[in-house]
Every structure is written in C-alpha cells, then in structure tokens.
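What Swiss-Prot records for 11-31, 61-81, 96-116, 127-147, 156-176, 179-199, 215-237, 262-282, 295-315, 334-354, 366-386 is transmembrane segment, and it gives sequence analysis as the kind of evidence.
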Amino acid sequence: MPLRSTFTRFFQLEAASGLLLIAAAILALIINNSPLSWLYNGLLDTPVVAQIGALKIAKPLLLWINDGLMALFFLLIGLEVKREVLDGQLSKPSQIVLPGAAAIGGMLVPALIYWFLNRDNPAALDGWAIPTATDIAFALGVLALLGKRVPVSLKLFLMTLAIIDDLGAIVIIAIFYSGELSTLSLGLAAACIAALVAMNRLGVVKLGPYMIIGLILWVCVLKSGVHATLAGVTLAFCIPLRTKNAEPSPLLTLEHALHPWVAYGILPLFAFANAGLSLSGVTVESFTHHVPMGIAVGLLLGKTLGVFGLTWLAVKTGIAALPQGANWGQVLGVAILCGIGFTMSLFVGSLAFVPGASEYAGMDRMGILTGSVFAALIGYAVTAAASRKNTALPS
C-alpha cells in the first residue's frame, strides 16, 4: 500500500477514534457521578477468571482491560513503529530529526515540571512519566476538525512525533514500571521471543503461529513482573513486513485488521473504564494539589514548551525545516495539542498510582483530564487562528 494511502487511512481512523474517545470519557464521568455509579464501579470490579489446567489468571475486569486488551493496543503501536522504521517516515533520517527533537522535548520538559512541583514528596514522584505521554488519536481527532485548512505535512509531523512519543512511553514502562521479577517466567518469555525471531528468520509468513506464541508470551510476561502490554510490542517487532514471494505483507495485514478494533473498540473501552472520575468531594483546592497540578501543568505548559522549543531550535540551527506549507502559529497549535495525554497518560497513571494501593490514585485523573481538555481547546483555537491564512512564515 502506498505511503500516502496508508497515512490517509491511519489519520482517518485515529481522528474518528479521537472523537469516540471524547464521548466515552464524558459518558464515564456522567455515569460515575450519577445514581448509577454503583453499577459502573461494580462492573469494573467484577472478577474474571481464565484457567487452563493448573494455569489460572484471576483479575477484576478493569485489569483485564488494562493488561489484556491494551496489549493489543501496544501490538498495534509496535506494528506502526516497525512499518515506519523500515518503510515510512522513520526510515529517512532527514525526516526523523524534527519530530524526533520535538518528541524528546515533549517528554523531558513535562517530566521536569512535574518533578519540580513534587520534588519534596518521594511517593508522588512515581507519577513523573504521566505528563510525558501524548494521545495520538485524541490529538489527531482535534486536528481533523480543521479539515483541509491544515497541511498534510503538519498532520504527518504530529503523527510521527506521537509515534516516537509512544516508543518513548514503551521504554519508560519497561524500565520504570515493572514489578518484582520472576526468573522462571522471564526465561519462558525469552524462549517465546527466540521462537518468534526464528520464525521471522526462517520466512514464516502465516500469522497464526505468531499469534499463538504471542499469546503464550503475554501470559509469561504477565507472570514475570514486567508489564504485560510489552508482550504486544515484542510480538509486533517479530512479525515480518516484507515477504520473498508476492504474498501479502503479514505486518500490514495484521495492522489493517487490528486498527479498527483498537480505534473503535479497545481505546474507547479503556477510556470509559479509566476516565470515570468521581467528583464527590472535589473542590477547587483539589486541583491545586501538587500531583494533579504537576500533571496538568506538565501536559499543558510542559508539552508546549518542549515540543515548540525543540522544534524552533532545530529549525533555527538549520538541522531541520518546518513542515511544508506550515507556519509557526500552526506548529505552536500542534505543540499545545500534544498536551492531550488522555489514554496514554491514564495508562501510565494506572501503573504509577495503583488504584487501592496509592493515596494519589484518582488525583492523577483530575490532572490528566484538566490538562488534556485545556490542551484540546487552546490547541484547536491557536491552530484554527493560525490556519486562516495558511502561508508559511519565514524560518
């Protein structure tokens, strides 16, 4: 499939998914602050057990969504990253520089702001990575509202930036949010990875064997202490993109099959399950607490400063150029939109502040929702204003 048609399909799916995410989050907030809140919380706490022989996995429904279904989301991210690295925007070093610099700035500055506001509280510092994330579906959904007033190059810049950001989130989760490790489970996971790599090298193109071993890998990683969603990324990196014969690409086949399910099912379900913040007892002072404040300011101000600042620096030093047809006002608007952390921030928050085990569980959602909403509204307004006269400013 040509790059442009692949990007167009990706953008349309992500944009529509972003709008659906908004609806799912609003619905969760309404239900959990209504007389039906008992039903909402009871449903998420429902125990679900999967057992095959002596192997038993028992978790509440919420964790099946966060550990199980989100592994498919990370599988999709892994497929997208591999495709982009081998045959897309990330395969061309000259096109990586600008979004790469922007992504690095967009992760470092929010983390520093959160650290500064919470530096005297070691327990709160566990949430430092929450404002480093960008919700690509939500951000592209807002950008899609501007239609053709925004150049395709700017949309591609945001998409590439967000993919690099997701890759950074994967590394952060693997290094900083793993529990106590099980040597046996890690050994079995390593054996699964070796089998996947061997199949790739031997030219196996049928998806069935990859998915079966991938499921076993997920169970091993789940039991190992490393977060289970990383099994999805590992599986994705082992699925071949190219084939020796004229057979369809296994990677593209799986990506195209999985994308609608993730965009229209898994992500909205995750948003519904995790965005239901109870507003009972919440006051203005609640939002000024150092944890939600650090997250909200990190997302809104940190992302803007980091993304725009590193983009400006890369262009001014001559190592990169502005996206074709875009102006600095539009770049500023996109930088603000990168502060929409939402699903990715909620996911990292669920690892940093485990519900029922951390006093800050729930506070993170206040900061995420506040920062993301303001980033969406302000980012849209700035991008719309800058797009009225869509001419590139001198760089």
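We number each residue from 1, going along the chain as drawn.
Just so it is clear, glycine is given a Cβ too, placed from its N, Cα and C backbone atoms.
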Within-chain partners of the transmembrane segment (156-176) [C-beta distance under 8 Å, separation at least 6 from its ends]: 7, 10-11, 14, 74, 77-78, 80-81, 84, 89-90, 95-96, 98-100, 102-104, 106-107, 129, 132-134, 136, 139-140, 143, 226-227, 229-230, 233, 307, 323, 326, 334, 337-338, 344, 348, 351
Run the contact check on the transmembrane segment (215-237) against the transmembrane segment (295-315): 3 or more C-beta pairs under 8 Å, excluding pairs closer than 6 in sequence. no
Considering the transmembrane segment (366-386), which listed stretch of 96-116, 127-147, 262-282, 334-354 counts the most C-beta pairs under 8 Å: 334-354
Top stretch by Cβ pairs under 8 Å to the transmembrane segment (334-354) (candidates 96-116, 127-147, 262-282, 295-315) is 127-147
Please report, as numbers and ranges, the same-chain residues at least 6 past the borders of the transmembrane segment (295-315) whose CB is under 8 Å from any CB of it. 97-98, 101-114, 117, 127, 130-132, 134, 161, 287, 321-322, 328, 331-332, 334-336, 338-341, 345, 349, 364, 366-368, 370-372, 374-375, 378, 395
